[in-house]
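A.B. asks: Quick one: the structure is below, and I'll ask about it shortly.
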């Protein structure tokens, strides 16, 4: 009896501790009388009045008070009744101690009821839960010891105790039914995830996604807006603040562990508990089977309550184990995987906004610009080079988020499997030693020891193969990215077959590595399959030999334990490879995060000035100065509030000087002073007005390569600033954009594609200029804004924009070749050359000593800027603007005017990524089946799967026959045998023990017969199961290979309009992430899903063998499972699709920000982009979070159903007197697997659907329409002459859009040079697109040398013509590989082409030589675009120079814009086509060089027909003919003299060409060229 007093006292003490918080709350409430609040706010967000009003906890609070008072009343009644009846002293004390505990529980309930703080009430409810369970446990333990005596003499006490126990249980449930808080919302009014909103009970059963599942069921789809937003534990901005705020110093992996130490600790603790719980069902079955064996041995027909209790415990054990596993999985995903992924992604992006902008090419050993040889894959030097490249390549930087952060977060999720495997191994060893004895266990594990070296060896091979695979995937991504970014050049040059071959080549290398991974995987999976089978066979055989018999309880329970060990043993090698992958990824991320950041190199000063400054492009610390381009000893002061001009020949470092103003360079010596601007948050942009708009120290930047966001025109111009109507209109007018906006279909609301893909070159430049002009910056840094615009547009921009009201008073620093244009209003001039400032000073000083005229002669070839220029040029009037077509990129939306801009919503240029609804379509499965080998492959594979399952089932059935072959006496002996094994005593393992008798069955078959067949079945199972995996992988590779080839073929030949409107990131997602899923995951899901389904059928068959009535139970339970499965799939399918589509914007935002990082930093907009990235990452996290939440919701419910199946099967077995223990063991062993089989069947089916989503997206791309592949092959010599005849040509961008060329008629004779001019929208570039058949003719024809181009095969047509675009495209490699990608020319020919375009001097050789300043030549590092460059040197001693072996980075971005244009021209010289189109091919070079280039064109292409679209009229003034287009028709066509007319022609009789010449500012020079007095580009004084 004293133990009752002790238990009551302990319970009272625990309840008293749980009551402290409630008592304090009650006292506080009574003292302060806190009223009920009508609002709620916490770290997650704010609630709304409506949410607070709808929030109520009155019912659960009432229930808590009711049940606590009822329990207290029952306890008092029992205590008083016991006192009156003079119960024993111990019972008397025990009862009153219990009553005291109940009184404290009442106090807790009152404090809960009195509290107006919902969160505090929720926490107090948890304390009440513990109190109720303690009281219930105490009364249950006391009642169990007194039950018999109370039943016999004091039944009223027993009734009171039972009632008290029931009330305590109800109280426990009521206390965790308190909702925690009202719904809370973020600052945008979106509801926050309800995990911390609902009650503890609903949270414990994963009830909160039910609303979202209902929406999914109703809509048959889900949108991102349907999903709740992440809480502050998962939100990207909070995670970043949390991590950076702790200022970690150690390695990244340790910092992450410390940052999430609470979650990791709880994860490992629960893993240890789960490891024990995993074996409790087996323990229950062991005791059940012992009871049955005892019944069989004793010949009894009934089962006592001591056996029935194990049926109850079996159900409890399955539920407890399942709940713990579900919660552990959810903890791992929700508290570790998603937050770690978000945290790492955020840290990487934030770092990218601060890192030095180092991008370029690093020459590796033996690198000649070609792709690395496969044999070097394992070279240590290459590994180091690859690690270095991580810091330089934009795509590799994006991979840090796409691949490395995911690897690290996945390992954070599953890392507990490593200690879990160890815990399970320990528990299972104790269990098996208890069951089989030490010797049998050691015999089994001896086989594992033999397999262990195989496991270790192939795990290492697997890890190495994975490393090679990742490198191959990086290489593939690089090649595909480059192809997509240069797709226009590829299509213009008809290089699709070559690039298709190149991409397929890297794909074959990737698939070779995938196959190596698969082969290692097959062996590892084979070991995984074989290990438990061989372990079980060896251990059971040893046990049977030692004991002479094998009982069902030993055989089937040990088999279950071995099966549980199966996962434990199998995941270890995979976990170790995952660990190594994560380790490598963490090191890559850590190295990136430790990389050099932009240092503040400028000092604060009143003006932008350089004092003996020596500067260079940013490089890594290990790059020697000899390999860098350096500007030395700069002493320059740009006057405040004035216009300053920087000039110099192409490649002299002008962009480098601008970058120094922005602080984007390495300062080697000296000082740079720049006025200081306030921080972004201190500018109060939202309150800015016209009077205080300009911030003197703020900087705006116009890059040489315009950087434009995927947003509307207006959003690109205002760039996050408040919209000021007057300033905006003035800016648009000053930047000559008014007419452009009128022509855009949706005006200023027209959406612009990434990098301005649907704008012409000039429009992109002017839009980025408008962004700078509209900005609040007092310092404007502009890089060559005149190169892509007509002369009259350039003058308008100069006078109305740079020197107009919007520009005056601001410090304007401009790089340009148009010195003469700018000189009238320029205050300060700098000329660069020879790696230094050749001249610098105030314009008045330079003019006085003649320096200005020398600079003009270098730049503008005596360009005439005289008083007779038309200052009144109406740039924005009808017919004026820069001469690029709005339709240049082939997008119809730029052509049709919107008559009512408010009535029709703006068109979306970049369409949202399509998502299918519902189940994956049958045609997708059919396509995958067909490509993987069709029925010839799948029928044998299905046969292997069925055979595998039949062997597994047969093995267990044979075990049933074996264990049932012994008579009842043998059961008794067997019990004695394994009973001794429990003792672990040394004498039982001694070799001196008597060898047990080996019994034979009634047919005289001994142990060897049964054992031999069992081992044979085990070996057959291992072999067939491994073969099944091998065959399935073979089909996977085959399908992946064929689908990739199809997708590659189609995408490279897709229409240009589709390629322009689909972001590169989206296509990359298909070629990388989706194919990765197809390669590695889909077939695994199919294989394991089919295996689990067949296993589920095996479980049902096993149950039917026990009792046919089981089939009814199985059908009912399967129907319930099907209901939950369908509910799950309704939510999981769209959630997975959303996850796929929400991942692309993360990469697109990252890629866009990296491309324009210099612009973003110049405008101080990095915080804005970080916030935007936080939002994208949160979107991605939201989809992953809900996907796994649905998974847990389904898993827990399936586990409950599975426990019902196991319990009912066990009950039927006990209720069947004739049930043999062997059959019972067979059935029970399978019944335990019911829930797991159902769960994994559904989960793998869901995975199949989700992975099939990748196949669906790939199949979608294989079915895209392509350009026409029909036509005839022209003669090999076509075109021999280059005659061009255009007849009645009508062209439009789409069938539903009006024509852009309207009955065009003109003829070009052999070897004629024709200049094409016209105003914006005239149709110049449309004509080019029609010539190359990017636009097909509606009517009319284009005939070249007698062949209608519409009848010629596209590839033949484009490969026989050539175009040099205004925006030149180069590919990574070397100068040689760009000039002659297929090694068809000698080095001499290539060097000569470089000489012809003046990229190397006339005496140039193959080896680099210093280039003298007098030559208009270029070096490898010159005046590169400051957005994306790694830059080379100028043509001066000490700076490197250009040669055929000079490395070219991706896109040629380590060369200047001018250099790239010249290389494209050199490439055309090498090809020598008969018909060539030049689209302002030299706009970015200085004018002296341009004059030389034009001279080269005249000489080099004398035997070719040239069509030249030009901005500079002087370029085409001496051509054979001029074609003037207007509104899609021929306005004028004739020789320059014919179009000029007579010198005395009246103004009103001037034609379009004459009018443009008169307005250009080059009137006299052009007149002399037209009439042959001066060669185009030569000097001429007016």
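Numbering starts at 1 and runs along the chain as it is shown here.
The backbone N, Cα and C atoms fix where each Cβ goes, and this holds for glycine too.
TrEMBL does not curate its annotations; it predicts them automatically.
Since this is a predicted model, take the numbers as computed values, not measurements.
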A.B. asks: Out of 1059-1092, 1093-1126, 1127-1160, 1161-1194, which range is noted as transmembrane segment by TrEMBL?
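C.D. replies: My reading of TrEMBL: the transmembrane segment range is 1093-1126.
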A.B. asks: Can you say which of 907-931, 957-981, 982-1006, 1007-1031 is given as transmembrane segment in TrEMBL?
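C.D. replies: Comparing 907-931, 957-981, 982-1006, 1007-1031 with TrEMBL, transmembrane segment matches 1007-1031.
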A.B. asks: Quick one: sort out which of 425-452, 453-480, 481-508 is the transmembrane segment according to TrEMBL.
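C.D. replies: Per TrEMBL, the stretch marked transmembrane segment is 425-452.
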A.B. asks: Would you mind telling me which of 297-327, 328-358, 359-389 TrEMBL tags as region 'Disordered'?
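C.D. replies: Going through 297-327, 328-358, 359-389 one by one, TrEMBL flags 359-389 as region 'Disordered'.
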A.B. asks: For the transmembrane segment (1007-1031), find every same-chain residue at least 6 residues outside the stretch whose CB is under 8 Å from a CB in it, and list them.
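C.D. replies: Contacts with the transmembrane segment (1007-1031): 521-522, 525-526, 529-530, 533-534, 536-537, 540-541, 544-545, 548, 937, 940-941, 944-945, 947-948, 951-952, 954-955, 958-959, 961-962, 965, 998-1000, 1087.
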A.B. asks: List, by number or range, the same-chain residues at least 6 past the transmembrane segment (121-138) whose CB is under 8 A from its CB atoms?
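C.D. replies: Residues 7-8, 10-11, 14-15, 18-19, 21-22, 25, 57, 60-61, 64, 68, 71, 98, 101-102, 104-105, 108-109, 111-112, 115, 164-165, 168-169, 171-172, 175-181, 199-200.
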A.B. asks: Is the transmembrane segment (1198-1217) packed against any residues at least 6 beyond its ends, judged by a Cβ distance under 8 Å, and which are they?
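C.D. replies: Apart from its flanks, the transmembrane segment (1198-1217) reaches 281, 285, 288, 291-292, 301-303, 307-308, 310-312, 314-315, 318-319, 322-323, 325-326, 1103, 1106-1107, 1109-1110, 1113-1114, 1117, 1120-1121, 1124, 1224, 1227-1228, 1231-1232, 1234-1236, 1238-1239, 1242.
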A.B. asks: Grab the same-chain neighbours of the transmembrane segment (935-953) for me: Cβ-Cβ under 8 Å, and only residues 6 or more beyond its ends, written as numbers and ranges.
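C.D. replies: Result: 929, 1017, 1020-1021, 1024-1025, 1027-1028, 1031-1032, 1035, 1038, 1087, 1090-1091, 1094-1095, 1097-1098, 1101-1102.
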A.B. asks: Over the domain 'ABC transporter' (608-859), what is the model's mean pLDDT?
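C.D. replies: That stretch averages a pLDDT of 84.
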